[in-house]
Amino acid sequence: MVQGYVNLNTEKNKQWLQEYVDNWVTFFKKQTDTGKVADYIPKLEEADPDALGITIIGKGGMQIRSGDLNHSFSIQSISKVLSFIVACIDRGITYILQRVDVEPTGEAFNSIMHLQINNPKRPFNPLVNSGAITVSSLLNGNTSDEKLEPLFNLMEKIIGYRPEIDVDVYVSERDTSMRNRAIGYYLLEEGYLESDLGVTLETYFKQCSINITTDDLARIGLVLSNDGIHPDTEEIIIPKNVARIAKSLMLTCGMYDASGKFASYVGIPAKSGVSGGILAVVPPRVRNNDLPFLDGCGIGVFGPALDKQGNSVAGIKLLRHIANSWDMSVF
Ligand code: DON
């Protein structure tokens, strides 16, 4: 516990923090009409464009949940953080980073322009599609199910149950993903892939279709905030050096071509997905004042109306407001 820290993890304080967050969610819910639900994967178009929900979980059981919480949704690009972590754990950081770099592209998530222009030895980072598909090819296993087994195991350890693939989303994505197939063929041509292209793409589509909730995202965020250690069991789920690289990637590349703005105005590692989810990690801060969640927390957001970059439009505004109100920026 930080010296001078006024413990806000009490029921009385929880009530007024809850009221604040409820008011903020109600306010930012109005902003959902400035965005648009993803439609390039037909199944995602069915999401409620007005939905906005958030879960914040701190150490010691402090939880705030607000808004539309009765939604589960596909994890989409947020899975890229987890597949990168699993690949590093199973194959070693050096092996993975020799095959995928850690540099932002400043371009759309599904672009390969930067690869074609620069012709680098490896894709720019694991959080754009070219890097993520390459990581899917680096996962151990000959089939997509074998490759995803460690990812499911990691998630189960963190969220407390084994998540499932939303088969409708998987089929919808698989049958419409012309761009990802094009990226896959380009990666194959350039020699970046280590597994069969069909298996690699199937792995990528399946990992994007895993069903989760804002609670699950907050729990994943809390473990990352706690340097990979489960806050309840003290088990090391993710080695500290892997968690550290994952968080730095989230901060520099996690919100795609809006990552710089998000780092400047919100200032916490985060990763978005086109179904409207955001995974955010608030590391512990050292402050001599009365702020909630000083020991760090994980935040999960769901708001399917997206901005031009594919990030939840109201979710980003809500996170920005919370991070500024509670001084959560890492800078
Ligand atoms: O590759 C795709 O098209 C999706 N399955 C994942 C993209 C995604 O979530 C991008 N996020 N903002």
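Using N, Cα and C of the backbone, Cβ positions are placed for all residues, glycine too.
From the candidate list Ser77, Ser325, Ser329, the residue TrEMBL records in the substrate site shared with Asn129, Glu173, Asn180, Tyr204, Tyr256, Val274 is Ser77.
Among the binding-site residues listed (Ser77, Asn129, Asn180, Tyr204, Val274), Ser77, Asn129, Asn180, Val274 have a CB atom closer than 6 Å to some atom of ligand 1, in sequence order. Secondary structure from DSSP puts Ser77 (substrate binding site) in a helix. Note: Asn129 (substrate binding site) has non-local neighbours Phe109, Asn110, Arg179, Asn180, Ile183, i.e. same-chain residues 6+ apart with C-beta under 8 A of its own C-beta. Within the same chain, residues at least 6 positions away in sequence whose Cβ sits under 8 Å from that of Tyr256 (substrate binding site) are Glu107, Ala108, Phe109, Leu127, Val128, Ser272, Gln309, Gly310, Asn311. Every protein chain shown contributes to the tally, and the Cβ of Glu173 (substrate binding site) ends up with 24 other Cβ atoms within 10 Å. A simple way to gauge crowding: the CB of Val274 (substrate binding site) has 24 other CB atoms within 10 angstroms, across all the protein chains here.
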